[in-house]
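Among the features that TrEMBL reports, iminosuccinate binding site is placed at HIS24, SER41, TYR112, VAL113, ASN114, SER129, HIS198, PRO199, GLU200, THR215. The annotation [4Fe-4S] cluster binding site is assigned in TrEMBL to CYS86, CYS172, CYS261.
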Amino acid sequence: MNKEKLIEKILKLKKQRKAIILAHNYQPPEIQDIADLRGDSLELSLKASKTDAEIIVFCGVFFMAETAKIVSPKKKVLLPVKEVPCEMADMITPEDVIALKNKYPSAPIVTYVNSYAEIKALSDICCTSANAVKVVGTLKEKTVIMLPDMNLAQYTQRFYPDKKIIYHEGFCPFHHFLTPEEVIKAKEKHPSAIFIAHPECRPEVIDLADYVASTSGMLRLAKELPYKEFIIGTEVGLLYPLSKENPDKKFYHPSPEKMVCPSMKKISLENVLNALENLEFEIDLPEEIIKNAYSAVKKMLEIV
Ligand code: 13P
Ligand code: SF4
């Protein structure tokens, strides 16, 4: 089937099924183009929960579709490919969380939304890359546990010298392995460009950044800042919406071959059509997990 025909079928079936298609900022261009909403994972789940759509087709990774289910338990949530893992979310187990809880019983557990539902369910409060600093700032405890991303935790620590942030040593390989040398090289090549880093990058890279922002934050900064050239320290997929929304600006990448998350490139138009035709692959979570994970997400939402 050619691309036009595929898109036509997807749009027709989407209407019939009362479905909404969500795409994370890193998804392939053709998926972003057919989506009803594009954004970061939490933003998408929250917006979808406020629509009257009966089905959510989430083009992203598994934990994102789980988050959509946590905030919209009555809706059917579909992930168009069955196995779409997140390498960072895979780095922590419930046993790791329980061990940390036992070691630091009075420290609240702040869990990055880039984690599986069973980890969120064991946490006190969630955070995103956009609001981690604010969330930790509202906690009265001096010792705080952050999971699963050590880089987000170390970035947050910079704002609170009087707190001790204990972290699990997880990381996103597609951000963590960006090196300061690669950033310096890009800066030398594009001396007028400003460098924006994602907080999932390692501390030595954060040190070189003019701004640190989540994917949605980067999209906002690119629009609002008066600069014309940007070096973007996040997964390469973000360059597509950045360039589309700012045709008069230039976006460069310091490591375009390395910073590609394969899970984010798994979903095709054929998969989206199949999801709508066969209602696959449905996210099914135990009620108890939904209840406890929602409680951690809700606490974050009350703050930000
Ligand atoms: P945000 O879109 O929340 O910045 O997250 C980045 C990311 O790594 C998603 O997988
Ligand atoms: Fe996970 Fe990193 Fe891929 Fe995001 S980019 S889904 S954090 S592995």
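The backbone N, Cα and C atoms fix where each Cβ goes, glycine too.
Bear in mind that TrEMBL entries carry predicted annotations, made automatically and left uncurated.
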With Cβ-Cβ distance below 8 Å and at least 6 positions apart along the chain, what are the contacts of HIS198 (iminosuccinate binding site)? List them in sequence order.
SER129, HIS175, VAL212, ALA213, SER214, THR215, MET218, GLY233, THR234, GLU235
Enumerate the residues of the same chain, CYS86, CYS172, CYS261 excluded, that satisfy the criterion Cβ within 8 A of the mean position of the Cβ atoms of the recorded [4Fe-4S] cluster site; list them in sequence order.
VAL61, GLU87, MET88, ALA89, ASN114, PRO173, PHE174, HIS175, GLU235, SER263, MET264
Where TYR112 (iminosuccinate binding site) and CYS172 ([4Fe-4S] cluster binding site) are concerned, what is their Cα separation in Å, rounded?
12
Could you give the maximum C-alpha to C-alpha distance in Å for the residues HIS24, SER41, TYR112, VAL113, ASN114, SER129, HIS198, PRO199, GLU200, THR215 that bind iminosuccinate per the record?
17
Taking each of the binding-site residues CYS172, CYS261 in turn and counting other Cβ atoms within 10 Å of its Cβ, which one has the fewest?
CYS261
Anything within 10 Å of HIS24 (iminosuccinate binding site)? Look among the binding-site residues CYS86, CYS172, CYS261, comparing CA atoms, and list what you find.
none
Around GLU200 (iminosuccinate binding site), which residues of its chain at least 6 apart sit with Cβ under 8 Å of its Cβ?
MET88, SER129, ASP149, ASN151, LEU152, PHE171, CYS172, HIS175, HIS176, THR234
Express the distance between the Cα positions of ASN114 (iminosuccinate binding site) and CYS261 ([4Fe-4S] cluster binding site) as a whole number of Å.
14
Cβ atoms near HIS24 (iminosuccinate binding site) (within 10 Å, other residues, all chains):
26
